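Trainee: Below you'll find the structure I mean.
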Amino acid sequence: MFRAILPILRTDCTYSRHFLLPTTTNLNWHLQKEPRTYKKKLCSHSLPFCSLQVNQMSHLNRGKSRQSEKIPKKCVHKLLPTDNVYWRNSNGFHALTNQSHRNAWNSLLFKAQCVQKNDVVLKRLASLSPQGIVEASPPVIQPYMRLIRFDKPIGTWLLYWPCTWSIALATPAGCLPSLWLLALFGAGSFFMRGAGCIINDMWDKDFDRKVERTKLRPMASGEVSQLQGLVCLAGMLSVSLGILLQLNWYSVVLGAASMGLVITYPLAKRFTFWPQAFLGVTLNWGVLIAWSGINGCLQMPVIPLYLACVLYTIFYDTVYSHQDKYDDMLIGVKSTALKFGDNTKLWLTGFGTTMVSLLVLTGRMCDQTWPYYSAVSLTAAHIAHQLYTVDLNNPDDCAKKFRSNSQLGLVMFLGIVLGTLLKKEEESSSKPNVPELPAS
């Protein structure tokens, strides 16, 4: 449950209690309306909020007190994995560097008293990571950045990489893929993924409140209203439309046809155990748009590529959905994780095998060369490794395996690019040498 956890101090409006929040997926501690206490301990593996009474500070400041002995050693280790203690008051996130865990605790408690006095502290250093950019942004836009999952770019990559595969495969032999199209589809993936997240949250905010992993999302927590989400959605779709209009009209019509899928996909989990299949059909629509953007229409080689990407999405999203399977059972949401149950790995083996076979078929239809098939082999090895090592009952391991798929997308893209570059050389070497006729 705990990953890269840093302690964050929360003080309520009366400053009568101080709360520590282990940060797992985001830093949304302030969204919880009512603070919770768990046996007056600093840490609890079962609750996201842990409390420290003000009258316990003096005991903790003495070093080895009876109260500090109540803190589980394992939990303390996870709460302080580095020498940086991050906390926040009503004005924003701040950091304090310490040389030891004891100094970290003492400084944290000292700063807790400073919050009461509104003392000035050092500002947290900015980071270029997506999470760091969100934290360094003005507080007024942070909820919207989290609404479009700016701090979790894995979804954008999973939308973008299949588009790059299609662009590279449709590129003429011996040429590099168009940087303009790659940039265009990169921007389109970012904005359409953000739009899809907003639509999903608007439909599912009531469900999200009941799921541990999603209950602190901006719309589920009430930080962003339905109207504010709708305005943000309109902006994301407007930019996406501007990007789509850069392509030919065939691609524009094809892209517009996907909006029905984008809007209705979140409803699938209410009626069928196959929402991952609906996601695969929707998420990989860019494969078709990218191909038609280069060739002006859809052609046969893009069909097996599209189906391979759909199966790939079912594969990794089934693993991902195992994180929430117990919450899903309680609230009545359907998924392939619940459909397959103990036979999940058997089903995933079938999906992975069929996906690899379709990628091989795509390569044959596009006359690809050995770098392409090498990338397909690495893809097959990656999928087999995931199947062999994933612990479907461990949410952290499921999330880790899910995130690793962004690396796989890059491997396939590089293999297709190199394979396309070598196509011209092989074609020229296979041509017979015909002697020139003497000039008359």
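Keep in mind that glycine also has a Cβ here, set from the backbone N, Cα and C atoms.
Below, the features straight out of TrEMBL:
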- 154-173: transmembrane segment (TRANSMEM)
- 179-203: transmembrane segment (TRANSMEM)
- 249-268: transmembrane segment (TRANSMEM)
- 277-294: transmembrane segment (TRANSMEM)
- 300-319: transmembrane segment (TRANSMEM)
- 346-365: transmembrane segment (TRANSMEM)
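Provide an account of the burial state, proximal residues and distances for the features listed.
Mentor: Using a Cβ-Cβ cut-off under 8 Å and counting only residues 6 or more beyond its ends in the same chain, the transmembrane segment (249-268) has close neighbours at 192, 195-196, 199-200, 203-204, 274-275, 278-279, 281-282, 285, 288-289, 292-293, 296-298.
Distant neighbours of the transmembrane segment (277-294): 158-160, 162-167, 169-171, 178, 181, 185, 188-189, 192, 196, 244, 247-248, 250-251, 254-255, 258, 261-262, 265, 268, 302, 305-306, 309-314, 317, 336; these residues of the same chain sit at least 6 beyond its ends, with a Cβ under 8 Å from one of its Cβ atoms.
Among residues of the same chain six or more beyond the transmembrane segment (300-319), those with a C-beta under 8 A of the stretch's C-beta atoms are 158, 162, 165-166, 169-170, 276-277, 279-281, 283-284, 287-288, 291, 335-337, 340, 344, 347-348, 351-352, 354-356, 358-359, 361-362, 365-366, 383, 386, 390, 392, 398, 401-402, 405.
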